[in-house]
Amino acid sequence: MRLGALYTYWVPLGFVLAVTVIREAVEEIRCYVRDREVNCQVYSRLTVRGTVKVKSSNIQVGDLLIVEKNQRVPADMIFLRTSEKNGSCFLRTDQLDGETDWKLRLPVACTQRLPTAADLLQIRSYVYAEEPNIDIHNFVGTFTREDSDPPISESLSIENTLWAGTVIASGTVVGVVLYTGRELRSVMNTSNPRSKIGLFDLEVNCLTKILFGALVVVSLVMVALQHFAGRWYLQTIRFLLLFSNIIPISLRVNLDMGKIVYSWVIRRDSKIPGTVVRSSTIPEQLGRISYLLTDKTGTLTQNEMVFKRLHLGTVAYGLDSMDEVQSHIFSIYTQQSQDPPAQKGPTLTTKVRRTMSSRVHEAVKAIALCHNVTPVYESNGVTDQAEAEKQYEDSCRVYQASSPDEVALVQWTESVGLTLVGRDQSSMQLRTPGDQILNFTILQIFPFTYESKRMGIIVRDESTGEITFYMKGADVVMAGIVQYNDWLEEECGNMAREGLRVLVVAKKSLAEEQYQDFEARYVQAKLSVHDRSLKVATVIESLEMEMELLCLTGVEDQLQADVRPTLETLRNAGIKVWMLTGDKLETATCTAKNAHLVTRNQDIHVFRLVTNRSEAHLELNAFRRKHDCALVISGDSLEVCLKYYEYEFMELACQCPAVVCCRCTPTQKAQIVRLLQERTGKLTCAVGDGGNDVSMIQESDCGVGVEGKEGKQASLAADFSVTQFKHLGRLLMVHGRNSYKRSAALSQFVIHRSLCISTMQAVFSSVFYFASVPLYQGFLIIGYSTIYTMFPVFSLVLDKDVKSEVAMLYPELYKDLLKGRPLSYKTFLIWVLISIYQGSTIMYGALLLFESEFVHIVAISFTSLILTELLMVALTIQTWHWLMTVAELLSLACYIASLVFLHEFIGKTPHPPPQLQPGSWVRGRCRLLEEGRFPWTHPALSVLQALVLGGPHFVTGVPLGQVVVVDPLPGTEAIGRDVDRVSF
C-alpha cells in the first residue's frame, strides 16, 4: 500500500498541525497567565482577628474588604466607609462602561459615622439586595442596622455600589461583598465573543473541498480505466495517495504566514501610527467591507466639548461675545460688594423687570450650580495637595464628572468669572470675580438618566438661606416643565441645526415648608423596595412644575480630524455608512450633516416615533415612497419595526445611502449588525470607542476600536485598533485591499503549484497503462513545495498593483473587490486549466522530445517544472520588491546546488529488470510496484516481477510484449496480455 517514504506524508502534515497547535497553545497560555494573575491578586479582609490577606479567588459573599487607592475592586460590593474627609470617593469605570470620567460614590451613612472600620464588626446589620442582573447603571436595595433603637434602615442605590472592575481613584474604602463569580455585573455583561473566521478562509475551504472531490474522481477514473480488475479498492487507495498533492497542505501555512506579514505591515505603517492588529486571522476582511457601522461620540467626534452659545430668549452670546457675559458678571458682584450685607445677592423673586446683567448672572449661576462636577486638586510637585485644596489653587484644579458636557459648562462659568472651587457630599463653593467665596448647601441631587433626560439639584444659599431647585435637561422634556414661552422650541431647533448639543436650564424657588414636605415624601419613596424608581420619580415630578426658564446652552462636540474626506472616500468606495448612537435625534442628525455622512443634496426622512404595529405599518409605507434619501430613526421606533416588520424594514434601510439610528442601546447596535449580515450576506465593519460599542464590535465581521476619551474597552475588544477615525480610510483602501488581493494570488499560486505536479503524475501513469507508480521520489516532492518554490510564491505577499497614494486617490478601485473577483470560481477554473495545460505540456514534451534520454526524464521534467513555476511568479508580479528578486535567485541557486550535490535523487538510473530464464512460467496480474524513475526492483526469491513496457524503447533489444509485469496473486488476471509461459 505504501507509495514512497513515510516522511513524504507525515512531515508536511506534521508541520501544518504543529504550527496550528503552537499558535493555539500560545493563546491558551496567555489566557491562563492573565486569569492566574487576576485570581492571585491579594486584598485585605477585615475579620475579628484583624486584617488578613486574601486572594481574589477566595473572596466570598459577606466579606468586608479594604480596597486602597488605585486598586481594582475585585467583587461587586456595597460601599460602607471611606477615609476621605468629604465622605465620598471617586471611581474610574473605564473598564466597566468605557467612560474615562470619574464617578462619585457615597457610603452608607450609618456606617460612615462609625469611629473606626473595626467597629463594622461590632454592629448587627444586613443588606437586602435585588437578584443579580446585567444593569450596571441601576441598583435597588436597603441597608438595615438592627442593633440600634429604633432600627435604622437606609435605601441603597447605584451611588452606594462599587462594581467589580472599577478602580478606586481617591482614598481607601471598605465594602461588603454582595456578588461574586458569575453573578458579577461585569461578567453578566460580557458575552462570549464568537470566533471570527474570514470570508476568504471560507472560500478557500470551499475550493479545497472541490479539489478533494477532483482527487477522488481522478483516482476512480484511473481504476475504471483498469476495468476494476483484481483488488481495485486497494488500487483506488494507492491512487488517492499518489495524487494527494492535488490538495495543497502547504496552503494553510502560506496563508497564515501571509496574515502575519500583513499585520506587521499595518503596524509598521507610519501614516497610521498607533494602529494595533489584535486579530491576525482576518486582515483580508478589510478588503471587502460593504457596510460600515460607526458610533458618533468619540468616534466621528472628538468627545471634547466646547461651549459655543448662551441664549436668553431675547439675546444670544457666542464665542465672540463672551466678554460681554464676563462684564455682566463682574458688574453684578462689584455692585453687591458696595451694597449692605442684607442686600447681598440679587432678589430672586422680584416682580420688577430685571436688568440684562441680572438675567445673565442668574443663568451663569444656575449653570455653575446645576451639575455633578467635582473639582479635584492634585499636587504639582511644588504645592502640597492638601494645601492646594485649602487655597483653591487654579493650577492644581482638575474637574471630574460623568459627562464631558458638564465639564465644558463648568469650565465656561470659570472663564466668565464664576468658578467652582470646592465640592463635597453636602456642600459646594463658588468663587466670584472679587475672590469672594459663595457657600451653598446641597440638599438633594437628582442624577441624569437616559429615561428622565434631565438632572436637578436643590441647594441652600448660606448667605441668604434661600432654597432653590435648579434643573437642566433636553428640550423635549423641559418644554413641559418650564413656564409658557414662545421662543424655546424655535431656538432649540436653530441651535440643533448648527450641530450643538442643547440643554435647557430652569429654576424654582422653594419655601422652607415646601421643601420639608418634599423631603419627607422623597425619603419615604427611596425606602420602598418595590417600584422604587416609579415612586421616586413621582415625588420629584411634583416639584417639576411651572419652573422659570433661564437660558439655553449650546455645546459643540467637535468632529475628529479629516472625518469628512474619510467618509467621502468610503462612500466612493461603495461602502454604505450607518451611524448608530445613543445621542438625541436632533444632535445625531446635525452631526450626520456636519460630517457629510448625508450629502447636501440628499433628502432626510425622519422616521416618526411609532409605538404599535399599525403606526409602524403606516410609517413604513410612507418611507417606501421616498427614493434616495437618508433615514433617521430612533431606538424606540427601531425596536417596534424590528418586532413586527423586520424583513420589510431591513429591505428598505439597505437601499438608503445612509442610515442614522439615534438613542440606540448596545444590544440594538449588535442586533442591527447581525440583521445586516443575515439579510444581505455582505461583510460588516463596526467602529466605536466606548464600552457601549463592544457588543457591536464583537458581532461584526471586522471590529475596529478607536482609542478615545471613553477608555480602551472597545479598543481591546476589537480586531483592529486605531487612534483616529481618519486612519480607517487607509486601513481599508490600502491595507485591506492589498491583503485580499495578495492572499488571493498566493492561494491560487499554491493551488497551481500542486495541480501542476499532480497533472504530470497523471500523465505519467496514463502513459504506462494507468500504473500507480510515483513519478518523483519523496525528497523531490517535499523540496518542490518548500525550498525550490516556496520563497518566490510566498513573496507575492509583497506585491501590489498600484501605489498606496493611487489607492487612496481612487477609492473606486476598492469597489471592484466587493464582488470577490480576485478569488472566484471563475478565476479558480482558469488556474486549474492553466495547471493542467502546463503540467501536461511539460510531461508529454519531456517524453516526446527526450525519447532517447529517458534515463534522465526525472531531471528533465523536474527542472522544467521548477523553471516554469519561477517564471510564472516573475510574470505575475506587478511591482517588484528587492526581496522578490532575492527569493527568485535563492530558489534557483538551491535547485542548481541540488543538481550538483544531490544528483543521486534527481538523476538516479533505474535498476535493471529481472533476468528471466527461457521456459520460465509466469502467472499473475500486471502492475507497477517500483519507486523512483523506473519501477524496477529485485523481487524476493519466491516472487517474480517484471515490467509491461509502453514501447520497445525502454529495454534495448527486447521487443514489446515479451517483458511482463506480474503480481503473483492467486486468482488475478494479467493486464495487457495474459501469458502462461514467456520465452526470451
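Glycine is treated like the rest: Cβ placed from N, Cα and C.
In TrEMBL, annotation is done automatically, which means it is predicted and not curated.
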Feature transmembrane segment in TrEMBL, mapped to one of the ranges 102-121, 162-181: 162-181
Annotated range (TrEMBL: transmembrane segment) out of 638-660, 776-798: 776-798
Separation of alpha carbons, D689 (Mg(2+) binding site) and D295 (active site, 4-aspartylphosphate intermediate) (Å): 8
Integer Cα-Cα distance in angstrom, R501 (ATP binding site) to D689 (Mg(2+) binding site): 20
Neighbouring C-beta atoms (10 Å sphere around the C-beta of R501 (ATP binding site)): 23
Secondary structure tally of the domain 'P-type ATPase A' (50-183) (DSSP, helix then strand then coil): 22 helix, 52 strand, 60 coil
Closest of F448, G582, R663 to D689 (Mg(2+) binding site), Cα positions, binding-site residues only: G582
Alpha-carbon spacing, R663 (ATP binding site) to D693 (Mg(2+) binding site), which is rounded to whole Å: 13
Interface present between the transmembrane segment (776-798) and the transmembrane segment (882-902) (three or more C-beta pairs under 8 A): yes
Interface-richest range of 162-181, 202-226, 232-251, 776-798, 828-848 toward the transmembrane segment (854-875), CB pairs under 8 Å: 776-798
